[in-house]
Amino acid sequence: MGQNLSTSNPLGFFPDHQLDPAFRANTNNPDWDFNPNKDTWPDANKVGAGAFGLGFTPPHGGLLGWSPQAQGIMQTLPANPPPASTNRQSGRQPTPLSPPLRTTHPQAMQWNSTTFHQTLQDPRVRGLYLPAGGSSSGTVNPVPTTASPTLSTSSRIGDPALNMENITSGFLGPLLVLQAGFFLLTRILTIPQSLDSWWTSLSFLGGTTVCLGQNSQSPTSNHSPTSCPPTCVGYRWMCLRRFIIFLFILLLCLIFLLVLLDYQGMLPVCPLIPGSSTTSTGPCRTCTTPAQGTSMYPSCCCTKPSDGNCTCIPIPSSWAFGKFLWEWASARFSWLSLLVPFVQWFVGLSPTVWLSVIWMMWYWGPSLYNTLSPFLPLLPIFFYLWVYI
């Protein structure tokens with residue numbers, strides 16, 4: 001391709017050879033030899049690519065000349081940086097000096113020791129700051145309030161400040177109790193479901209717990225026997241199991257309440273004394289036989305004769321209810337008395353008993369924890385009742 005940029009107008013666009021003023025070519029000087037960038041005439045006849053595409057511009061550049069801008073070649077030049085502003089200084093400037101106090105607070109300059117003592121001579125100010133008969137030369141002491149109760153609030157300026165600590169505790173206290181109650185409620189509601197899962201797992205030892213009612217006349221999708229839909233045959237059995245579980249939980253709470261009432265001395269339970277056929281509960285006027293030892297819990301009055309006197313026997317309250325149940329059951333089921341020697345013998349083997357308990361806890365501990373973990377939320381409730389009731 002030719003490199004001559006100053007050919008003698010082979011396509012006839014212009015009457016002159018070179019019109020680019022860069023090499024002093026104009027109508028007065030049509031000679032194109034001033035352009036040093038030229039080749040021989042056969043190379044100049046070759047068509048080059050220019051601003052109008054291949055074959056539309058001669059090798060000397062097209063309609064506007066041979067310069068790169070005329071041929072459509074754009075050259076990006078770096079923009080000159082803007083001139084530095086004359087009203088801007090680089091770096092952190094020092095803080096200007098504060099104006100003097102006499103300029104910013106002229107009223108403060110009016111108060112000096114002389115002005116202050118002169119102000120104290122005012123009876124209104126003197127009555128607020130100085131006691132009756134006091135001098136203004138000494139230290140200013142607050143005076144006790146001598147106003148009447150009806151006018152005591154008039155001396156206060158503005159509303160009293162709110163105690164944010166009391167307000168915060170007033171809001172946070174019930175909120176924390178509500179949150180703890182909701183947490184315990186949600187945990188307690190999982191107790192029947194956990195016990196139901198344990199109950200149904202006894203029927204699927206080593207297998208998958210799948211409801212057996214899904215292949216009946218009204219088939220349902222695969223589901224656990226603890227979550228049967230109402231259309232499943234096992235739905236009524238699930239309700240029966242949960243009803244029994246709720247009764248068991250209520251019985252457990254009732255037993256704990258009875259033991260708690262007995263521990264607090266609110267449930268006078270009197271065991272049967274050997275050789276006596278009558279028992280009584282409640283207070284007695286006098287005791288024919290004083291209580292043995294000292295006890296912080298109320299004694300139990302038993303064997304009430306006809307004269308109104310009774311024998312007071314101190315009963316450990318934590319064992320009173322259990323002992324009462326044992327004696328009540330032994331009086332009606334004689335075969336229970338045969339278990340007493342066996343229990344005494346078993347308790348006498350203390351090392352063996354402890355080793356057995358340790359072995360059972362080591363072997364059954366994880367499974368027992370998974371079974372009894374739903375009952376853990378009941379422990380704070382029982383502890384609260386035990387302490388505060």
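Counting starts with 1 at the first residue shown.
Note: Cβ is positioned from N, Cα and C throughout, glycine not excepted.
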Look through Asn112, Asn309 and state which residue has the annotation N-linked glycosylation site in Swiss-Prot. Asn309
For the topological domain 'Intravirion' (192-242), provide the mean pLDDT of the predicted model. 72
